[in-house]
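J.: This is the structure I want to talk about, given as structure tokens.
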Amino acid sequence: MGRLILEHTLQGHKGRIWGVAWHPKGNVFASCGEDKAIRVWSLSGNTWSTKTILSDGHKRTIREIRWSPCGQYLASASFDATTAIWSKSSGEFECNATLEGHENEVKSVSWSRSGGLLATCSRDKSVWIWEVAGDDEFECAAVLNAHTQDVKRVVWHPTKDILASASYDNTIKMFAESQLDSDWDCTATLSSHTSTVWSIDFDAEGDRLVSCSDDKTLKIWRAYHPGNDAGIATPDKQSVWKCVCTLSGQHSRAIYDVSWCKLTGLIATGCGDDGIRIFKETSDSKRDEPTFEQLTAEETAHEQDVNAVEWNPAVAGQLISCSDDGTIKIWKVDD
């Protein structure tokens, strides 16, 4: 049985911490929160410390931050309805671009695998796709109004230019660029949750997605592509996503975040009951009927809601979390 071992507890932000994001190299991370500031932390020896505080980019709470795949840029999504792009090209972090267009709070931001596209989503129910048009130039490529409520999260597929979004309307939607006319279309709607879908994450290959919800469940979805050997029909030659597993009974409140480790296959959740839980696919799991077990849980990981969890992309088994309690914690799963 694996255990979750606490390695570091870090403080610095004032108020609740909404987001944490590992740098692709895994030796730096960024955090953001209610204090309108971004902190960039780095590891020196065995000590994590704040190297930079970026406090002049936003007028309201910063909800989420994400590093570009190349690690040169940091995007921040804020309740002030803007997304800021930061880079260190001059040696110090500077805000190089501010993306405007959403009518309300921006809830999430995500870079495509190539770094050539950026997605944002908002309480205004829309998902925007931006093209990186050159140095610090971003052009709106699409405004997608497929959701009927607040959109909570956007995440790009790990190998293709497919975007997934999760919403207060209880659904997840998939978007892809049409091969006919370069318009972005909604290619799938994933319906099974009975309340807000707070977060989503793809597995390493991108053929499966995990979602977490206000309904206290985790769901695993699988893509069935045209010509699949399971005999699943694919109308219009579009991939069909089916819910193949539901995990319930482990969480006592809303699950706010989920992270699927690309290195180990473990799934971590951050919950409104202050806990962090780790799930592992069982050895006898079937492709079309997968089974997962709870590997370990830290029921009181934080003193208040756990807002975000993310596996380190470079260090297997290392997890970061942040909370309304104003702390960031770094954990290690001991197998």
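Here the Cβ of each residue, glycine as well, is placed from N, Cα and C on the backbone.
Sharing the record's features from Swiss-Prot:
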type	residues	note
REPEAT	12-51	repeat 'WD 1'
REPEAT	57-96	repeat 'WD 2'
REPEAT	101-140	repeat 'WD 3'
REPEAT	146-185	repeat 'WD 4'
REPEAT	192-231	repeat 'WD 5'
REPEAT	250-289	repeat 'WD 6'
REPEAT	301-335	repeat 'WD 7'
J.: Need a quick answer: max count of Cβ pairs under 8 Å to the repeat 'WD 7' (301-335), which of 12-51, 101-140, 146-185, 250-289 is it?
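T.: Highest pair count goes to 250-289.
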J.: Going along the chain, which residues at least six beyond the ends of the repeat 'WD 3' (101-140) come within the CB cut-off of under 8 Å?
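T.: For the repeat 'WD 3' (101-140), the far contacts come to 60, 63-70, 73, 75-83, 85, 87, 146-161, 163, 165, 167, 173, 175, 184.
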J.: For the repeat 'WD 5' (192-231), could you work out the same-chain residues 6 or more beyond its ends whose Cβ comes under 8 Å from its Cβ atoms?
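T.: Distal contacts: 152-153, 155, 157-160, 162, 164-168, 170-172, 237-248, 250-260, 262-263, 265, 267, 269, 279, 287-288, 290, 292.
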J.: If you average the pLDDT over the repeat 'WD 5' (192-231), what number do you get?
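T.: Mean pLDDT across the repeat 'WD 5' (192-231) comes out at 98.
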J.: With helix taken as DSSP H, G or I, strand as E or B and everything else coil, how many residues of the repeat 'WD 1' (12-51) land in each class?
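T.: Per-class counts: 0 helix, 24 strand, 16 coil.
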